[in-house]
Amino acid sequence: MAEQHEHGGQAPGDRPVIPEELNGPQADAVEHVDGPLLIFAGAGSGKTRVIVYRIANLIATHRVPPYRILAVTFTNKAAGEMKHRLERLLGPDIVRDLWVGTFHSVCVRLLRKHHEAAGLDRGFVIYDDGDQRAVVARVLKELDLDDRRYPPRQVLSRIHAYKQEGRGPDDVDSDGYFDDAVLRCYRGYERHLKQASAVDFDDLLLAVLRLVEDPESLAGDDLRRRFSYVLVDEFQDVNHVQYRLVRALCKQHDNLCVVGDDDQSIYRWRGADVRVIRGFRRDFPGASVIKLEQNYRSVANVVQAALGVIRSAKDREPKELWTSNRSGDQVQVVAADSEHDEAAWVASRIKELTAEGVSPRDIAVFYRVHAQSRVLEEVLRSERIPYQIIGGTRFFERAEIKNLLSYLRVVVNPRTDVDLHRIINVPSRKIGSTTIDRLIQVADNLRVSLYDAIEPLVEGAIDDVRAGGKPAVTTQTRKALLGFRDLMEDLRKKAREASPSQVAEEVLERTGYAKLLKEEDNAEADARLQNLQELLQSILDYEEEMKAAGEPALLTGYLERVSLTSDADTLEDVPKVAMMTIHAAKGLEFHAVFLTGMEEDLFPFRSMEPSRGDDVEEERRLAYVAITRAREKLWITHASRRAIFGQTRYNAPSRFLKDMPEAAVRGVLTPATQMMARRPEGSSGGFGSFSGASGAGRFGGRGDRDRAASTRFDTSPRPAWRHPQDSAVSGMRDAAPRPPPQSVNPGERFIDRDPDAESDGESISLRRGSRVRHERFGLGTVNSIDPGADPIASVTFSGWGLKRIKVRFLKPLDG
DNA sequence: TGCGCTCTACGTGCG
DNA sequence: GTAGAGCGCA
């Protein structure tokens, strides 16, 4: 019972029974169906199971029509999982009528019904983060604001913050010059989106909220009556708009059930407000509260370690996670010497695990920031451990994919400026930045979209665009612009009668994009073509799916789906080790977990700007989330030095380690730190050289690369992370963070000339066209070589594209 | 106009 | 380490 939550509950016929193995509070949560209900569900307490049975119970026992039930989840994946489990209990016919989805997908679905009432075009597009930033950049330019003083990212996050409080540009009091500029940007941003017939993710919710809260609106009336039971999962992560939305949707009946855990609130930076769950009882004075505190997931040592971390958190809802599971292995806290050493350690433990018969799919590696993944990935790859990375650069963010999607979006909605801007000169049609700038000026002057500005620009009617009597554009440019417009008009015509996949193929053909890539005939272009093929396939899959559901396959529908799919949804159920940030790990569980980079400044993470003071609290909860993902085995690693973001840092082990109870934890040294611990003070040498003031040099760290195959060894019984400065373990000082001895003059760039490194001799034999192998990227072809003390080659790798790699990391291939 | 080089800044990321 | 922006040159 410890691991699998979903054994019981085979429903006899269409009538699911409440399975006996649900414990007291769980059964209460399932059976309590009238009035507001707040469920505090601790980590691993069988939450999903309770939600599923609760819904099944509503339908089977209380005969609630499925289409009257709304269940909101945090990710599509969670929604999918819930539907899947419900299908097993209730069958697909009933589940099809349920409303299960994320806030955004539910809102899009509702807006599709009521787009007119919401004042939206039928073909509205959804702008993602990149699109939004592009809009802000354009607005900054338009307002003649310096984008260094007003970084688009910051401006955008302010705009988001306003939106998540439900405030428009006119509801904000300006508080100083910066605010003033931000406000002007906000106005411009809203205007551009409206003009482009685009919405951002916040707008999806706000649009529905406005309808629901409008007592006059007929659409709002429909929405208010639509659902008789509303259930919200991960309630600790809702923001104010989401909360208002939920309250408005169930105002007429109060059958609102929310499930969450304030200890797992980790998205404050994104607008989530843990006070919402903490204040639920105040907002719903009649609410019942049920606490699920028994953890079924993890061995007791893991639960104890997690409790140690969360116990000292401030302002917690009082509750105590407990487990009757066996104590299991202790949590191992591993002191590594560097990030390479750490990665090697992780890889060798994974090898042991798989040798013991643990499936790679049941192993996960977590990190605080994506930047940590590179080294881990390199080692796993060289050790031939299969892995999948969740997040990072996603498929839909690759340039060629975005380009094709932008074409499709312009086909659906020519006013979407961000997309038009992206593709107007891809592939090159001699429409350069000068022309585009003019087009933007015309568009801004006339307050129309870029697409609608093409006509006036080529007509030269806009005299104030240019000085003097010269035509606004040359004949050539005029031809290019009109050619582009005609192309788009043809594609739009095609879209009226053809399927989405046919339109996509037509785009690739008519634009010459496919031909261009084929002619390039190198590995990079090849990879791009393959990606485009993959996108076409996903469109075909969509068409297939719609056909099966008996619905028309529309281009807008496909584009909408793409917009609403995210990283967290891409975890495949395949035998591969999963690598992800801790944020992406929320809601998941694994047999064995490696939590890496457990160092001060990295975890808890310290940002450049010394702004928000409460952040450590959220980091603490993040640590709690990470630890509670592990069922059986948990390794927590920290490195005494780490090269990240282009500099080397010396960080102390994380403060969170000290909060874990000693009995649940065991300190371990990697072979490298062990060696250093034995070495007498002063002769460590392993720290190599220091690059001085530039901080950009490499360390001699000769051992790092050779150490990849770290061997099994015995461990110190003493906790390696405790007070390293005065530890009784001899030589632990060396593992402690401190500046290394300097061996070159400050400011002088140190170049690693390790005699053992693959020799320069080979670089001479490399030339343009040489085939080479790289540990991480595999086979590639050399495009060019920059000579120098440490020559660098530009190499095209199949599937990875063009990379600049130091020649000594390349192995030449014969032939 | 477009390419290639240099400089910079770098969190986490639902949908 | 590296992607993306800015800038100078062909």
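If you go along the chain as it appears here, the first residue is 1 and each next one adds 1.
Even glycines carry a Cβ here, placed using N, Cα and C.
Not measured: the values here are computed from a predicted model.
The region 'Disordered' annotation in TrEMBL covers A:1-22 (among others).
According to TrEMBL, the feature domain 'UvrD-like helicase ATP-binding' maps to A:20-299. Computed over the domain 'UvrD-like helicase ATP-binding' (A:20-299), the whole-number mean pLDDT of the model equals 89.
Listed in sequence order, the residues of the same chain lying 6 or more apart from A:Gly44 (ATP binding site) and placing their CB within less than 8 Å of its CB are A:Asn295, A:Tyr296, A:Arg297, A:Ser298, A:Glu589, A:Thr628. Marked as ATP binding site by TrEMBL: A:Ala41, A:Gly42, A:Ala43, A:Gly44, A:Ser45, A:Gly46, A:Lys47, A:Thr48.
Positions annotated as domain 'UvrD-like helicase C-terminal' by TrEMBL: A:300-587.
Feature annotation from TrEMBL assigns coiled coil to A:515-545.
Taken from TrEMBL, the feature region 'Disordered' applies to A:678-765 (among others).
Annotation comment: TrEMBL describes A:683-700 as compositional bias 'Gly residues'.
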Check: Where's the emptiest Cβ shell within 10 Å among the binding-site residues A:Ser45, A:Thr48?
Finding: A:Thr48
Margin query: So if I draw a 10 Å sphere around the Cβ of A:Ala41 (ATP binding site), how many other Cβ atoms end up inside it?
Written below: 26
